[in-house]
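*Asks:* Here it is: the structure, laid out below.
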Amino acid sequence: MPINKSKNSLSSHRYAVIVVVGPTASGKSSLAVQLARKFNGEIISADSRQVYRGLDIGTGKVTAKEMAGIPHHLLDVASPRRTFTAAQFKSRAERAIRDIALRGKLPIIAGGTAFWIDALIYNLSLPEVKPDTRLRHLLEKKTPAELFTMLKRLDPRRAAHIERKNPRRLIRAIEIARALGRVPKLKRQPAYDALWIGIHQPYETRSHRVDGRVSGMILQGLIAETKKLLRQGMSKKRVREFGFEYAAARDAIEKRIPITELAPRIIRDTTRYARRQMRWWKRNSEIRWISDPRKAVQLARSFLKKN
């Protein structure tokens, strides 16, 4: 279903987009494909790990078969050796949205990296601070608690809203605060006419999906994928930064944990991560929560009639 180009014009920049969000293993990719097939759309992945080449199994990256012929953007666009920032994502996603819309198709953003999606849809002005390799090397030696204390001293306002146990985000916040004096307060200015669709499932369903996802991940070769990253010269610390799945696999490879503990540990960490994702999304009153894909189709149809 082509989008009305008179309303999706370059001059207005108010393109109509659909955003599919939800916790990990909730079926975002599947729903996005369903909507794309129904409404002549293309999908923009908003996942901070799936941008990297070679991170397929551990990130649950959508396969060619699962894409069902629908073009997907911003997958496998970066080397895992270098950090791909939110600012880089925003810039490339904006170009993808414009290109998709001007071809008369519907841009559909799907993913679980909440901050990246907010940055794109609300046109957050992100600080252009390049990674400081020397500083990062020093900070990586510190514990999350030490990093949090340092950030709290540099920028108390940012420290009050950050994940205090996430070293990657703590280091980036410290990096920005040292360069700019503090992390700038982000102002929300909606850039698109967006329909937000969130997938909400009962606990039992979500738990079953997480179990299945993790089992499949291990059977498909998470250990082998992690070994390959290490053979390619990725540092052990860098592999750990790719997420708890790779951290657990690395610990299993090095026999820090028995192989029988691999699945339970990833399931536990996935469940915790899903809770954090939901806490973020629940703050967004624009999200229309659904449990039945048919409701998503109804919402999309009504939204597109107005656009």
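Including glycine, each Cβ sits where the backbone N, Cα and C put it.
Remember, TrEMBL labels are computer predictions, not curated facts.
Keep in mind that this is a model prediction, so the values were computed, not measured.
In case it's useful when we look at the structure, here is the feature table from TrEMBL:
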- GLY22, PRO23, THR24, ALA25, SER26, GLY27, LYS28, SER29: ATP binding site (BINDING)
- THR24, ALA25, SER26, GLY27, LYS28, SER29: substrate binding site (BINDING)
- 47-50: region 'Interaction with substrate tRNA' (REGION)
- THR113: site 'Interaction with substrate tRNA' (SITE)
- ARG136: site 'Interaction with substrate tRNA' (SITE)
*Asks:* At the Cα level, what's the spacing in Å between SER29 (ATP binding site) and THR113 (site 'Interaction with substrate tRNA'), rounded?
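*Replies:* Computed Cα spacing between SER29 (ATP binding site) and THR113 (site 'Interaction with substrate tRNA') is 13 Å.
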*Asks:* Counting by DSSP, what is the helix, strand and coil composition of the region 'Interaction with substrate tRNA' (47-50)?
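*Replies:* Going by DSSP assignments, the region 'Interaction with substrate tRNA' (47-50) contains 0 helix, 0 strand, 4 coil.
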*Asks:* At the Cα level, what's the spacing in Å between ARG136 (site 'Interaction with substrate tRNA') and LYS28 (ATP binding site), rounded?
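*Replies:* So the alpha carbons of ARG136 (site 'Interaction with substrate tRNA') and LYS28 (ATP binding site) sit roughly 33 Å from each other.
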*Asks:* State the Cα to Cα distance, in Å, between SER26 (ATP binding site) and THR113 (site 'Interaction with substrate tRNA'), rounded to an integer.
*Replies:* 14
*Asks:* Taking the Cβ of ARG136 (site 'Interaction with substrate tRNA') as the centre, how many other Cβ atoms fall within a 10 Å radius?
*Replies:* 16
*Asks:* With Cβ-Cβ distance below 8 Å and at least 6 positions apart along the chain, what are the contacts of THR113 (site 'Interaction with substrate tRNA')? List them in sequence order.
*Replies:* ALA46, ASP47, SER48
*Asks:* Taking DSSP as the reference, which of helix, strand or coil describes ARG136 (site 'Interaction with substrate tRNA')?
*Replies:* helix
*Asks:* I'd like to know which of these binding-site residues, PRO23, GLY27, is least surrounded, judged by other CB atoms within 10 A.
*Replies:* GLY27
*Asks:* Determine the Cβ neighbour count for ALA25 (ATP binding site): the number of other Cβ atoms within 10 Å of its Cβ.
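*Replies:* Counting Cβ neighbours of ALA25 (ATP binding site) within 10 Å gives 22.
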*Asks:* If you count, for each of the binding-site residues THR24, SER29, the other Cβ atoms lying within 10 Å of its Cβ, which residue has the minimum?
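*Replies:* Selected from the binding-site residues THR24, SER29 on minimum Cβ neighbours within 10 Å: THR24.
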*Asks:* Mean pLDDT over the region 'Interaction with substrate tRNA' (47-50): what is the value?
*Replies:* 95
